[in-house]
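Residues or ranges marked as Cu cation 1 binding site by Swiss-Prot: HIS83, HIS430. Marked as Cu cation 2 binding site by Swiss-Prot on the basis of similarity to another entry: HIS85, HIS128, HIS481. Annotation source Swiss-Prot lists Cu cation 3 binding site at HIS130, HIS432, HIS479, citing similarity to another entry. Taken from Swiss-Prot, the feature Cu cation 4 binding site covers HIS427, CYS480, and the record attributes it to similarity to another entry. The feature disulfide bond is assigned by Swiss-Prot to CYS104-CYS528. Feature annotation from Swiss-Prot assigns domain 'Plastocyanin-like 2' to 158-315. Under the heading domain 'Plastocyanin-like 3', Swiss-Prot lists 384-507. According to Swiss-Prot, the N-linked glycosylation site annotation covers ASN66, ASN109, ASN186, ASN231, ASN280, ASN395. Marked as signal peptide by Swiss-Prot: 1-19.
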Amino acid sequence: MLSSITLLPLLAAVSTPAFAAVRNYKFDIKNVNVAPDGFQRPIVSVNGLVPGTLITANKGDTLRINVTNQLTDPSMRRATTIHWHGLFQATTADEDGPAFVTQCPIAQNLSYTYEIPLHGQTGTMWYHAHLASQYVDGLRGPLVIYDPNDPHKSRYDVDDASTVVMLEDWYHTPAPVLEKQMFSTNNTALLSPVPDSGLINGKGRYVGGPAVPRSVINVKRGKRYRLRVINASAIGSFTFSIEGHRLTVIEADGIPHQPLPVDSFQIYAGQRYSVIVEANQTAANYWIRAPMTVAGAGTNANLDPTNVFAVLHYEGAPNAEPTTEQGSAIGTALVEENLHALINPGAPGGSAPADVSLNLAIGRSTVDGILRFTFNNIKYEAPSLPTLLKILANNASNDADFTPNEHTIVLPHNKVIGAQHHRGADHPIHLHGHVFDIVKSLGGTPNYVNPPRRDVVRVGGTGVVLRFKADNPGPWFVHCHIDCTWRLGSHLSLPRPPARFARVSSRSSPTMPGTSSAPSTRLFLPICSKW
């Protein structure tokens, strides 16, 4: 196991354990050949695994993850960064990971150690490459922070590595080739390349391919299981259900919610749900269903979007696939607006007007003959120097201090931000460094009292209205988590004034080229100078 633990004694506090651990992980980012759906191809892996190594920690711990870039395959990108999706990065904005926002890419044969105090954060997260479309080539994995005092702990008996469920869409073609298709003048409909299969915990099947054994989740009758379901796809959403079993939703994107029984739920790219499943049926095998929804599915003959299954296997049942029809989910589907945050419910500022109101709309425009996605008619282009470096080294504190296509909106510290995402096609919007309250969802009734709270929301139809507090200094990316969409320009960043960067600016290093003063972070000199 490529991990270790160091215990650090802390002063006991109401919400902090007496001992916190430093959780040490070693990530070798390397090219390996794998065949998760029966088709062998080279990928970008974490320690040679699909999905990547599971990271686990407890509330109050610190993650220390040493990333070594061993990539050599010229058919794929050979630099990398890693984003720790869902982690707030309070006081550690420089460890967030998106290339050219908080760091330069880690070049070949270099190492970088991400060090992230978790503070009081808990829940189901994941990690993935955040350089171009690299995570499509396989660099992604689960991350779980356990809470010894979880408010839902009495509701389940089992919550461990065996109950983490990773959903992925899978491509047989390397991401740089897919990017060329996206950036083609022939892509007049702005369609994402269609995947070849869907995976559950690293196993799937494509049309005409071999019958790869299904992933199996083992249960014992009478026990209650917390499944942590993660959508780590590039484009696809999945409709998750388990034959003959109800699902009780207790968490969305790391945030505990009031228990809500459903029969199925749709999960969009980047989202996570925890559900409780009671093993209360006859000891047998049952289908875990996750049919995939993807635009243009019929254009790829390899893809059967309905053929995304795993098996719920009861102790004592034969080791075999279920004999029932695979079918599709029936019953009550999750409606997002029926979710209610369990702890400190209520949108920041209540129903009063927000201190700052943002109107955001994903649109389209043609740039150099290529149709691109935009946020508010601006197509994002990554700067040559990371946004965080500009803030720290050049004291950038106004919108005008950044290039127009960097699309940066400076927010006042500790103010309530209202963001209205206008209607359009389905886009799962992700905000780094925060969660938001969804005060109005897809044409529903406004709810400022106990709305859902999460970090990825589906925007479509009639749009959504969000609330969050700008209380976490950093340059935080906002983007659609459909890979094609954000690669084609639909993202922006929301920094705070540099005076608020307390911990980041406490670490100094020499002046970087192109800046007027020391960048004040250990990240830039060793990484950017090699880029």
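Yeah, the Cβs are placed from backbone N, Cα and C, and that goes for glycine too.
Features recorded in Swiss-Prot, as mapped to the structure shown.
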{"residue": "ASN109", "record": "N-linked glycosylation site", "Cβ contacts under 8 Å, 6 or more apart": "ASN69, GLN70"}
{"residue": "HIS128", "record": "Cu cation 2 binding site", "Cβ contacts under 8 Å, 6 or more apart": "ILE82, HIS83, HIS85, TYR135, LEU139, ARG140, GLY141, ALA232"}
{"residue": "HIS130", "record": "Cu cation 3 binding site", "Cβ contacts under 8 Å, 6 or more apart": "THR81, ILE82, HIS83, GLY97, PRO98, ALA99"}
{"residue": "ASN186", "record": "N-linked glycosylation site", "Cβ contacts under 8 Å, 6 or more apart": "none"}
{"residue": "ASN280", "record": "N-linked glycosylation site", "Cβ contacts under 8 Å, 6 or more apart": "ARG221, GLY222, HIS245"}
Remark   = Taking all protein chains shown into account, the Cβ-based neighbour count within 10 Å for CYS104 (disulfide bond) is 25
Remark   = The recorded positions listed are ASN66, CYS104, ASN395, HIS481, CYS528; by CA-CA distance, the one closest to HIS432 (Cu cation 3 binding site) is HIS481
Ask   = Residues with Cβ closer than 8 Å to the Cβ of ASN231 (N-linked glycosylation site), same chain and 6+ apart in sequence?
value = LEU167, SER237, PHE238, ILE267, TYR268, ALA269, GLY270, GLN271, ARG272
Ask   = How long is the line from the C-alpha of CYS104 (disulfide bond) to the C-alpha of HIS479 (Cu cation 3 binding site), rounded to the nearest angstrom?
value = 19
Remark   = What DSSP gives for CYS528 (disulfide bond), in three states, is helix
Inquiry  = Rank aside, I only need the closest one: which of the recorded positions ASN395, HIS427, CYS528 has its C-alpha nearest to that of HIS479 (Cu cation 3 binding site)?
reply    = HIS427
Inquiry  = If you compare CA-to-CA distances from HIS481 (Cu cation 2 binding site) to each of the recorded positions ASN395, HIS427, CYS528, which comes out shortest?
reply    = HIS427
Message = So, three-state DSSP: helix, strand or coil for ASN280 (N-linked glycosylation site)?
response = coil
Request  = Please name which of the recorded positions listed here, ASN66, ASN395, HIS430, CYS528, is nearest in space to CYS480 (Cu cation 4 binding site), Cα against Cα.
outcome  = HIS430
Remark   = So ASN66 (N-linked glycosylation site), by the Cβ count within 10 Å over all chains shown, scores 15
Query = Cα-Cα separation of ASN66 (N-linked glycosylation site) and CYS528 (disulfide bond), in Å?
reply = 17
Inquiry  = I need the least crowded one of these recorded positions (CYS480, CYS528), counting other C-beta atoms within 10 angstroms of each C-beta.
reply    = CYS528
Query = Where the distance is taken from Cα to Cα, which of the recorded positions HIS427, HIS430, CYS528 turns out closest to ASN395 (N-linked glycosylation site)?
reply = CYS528
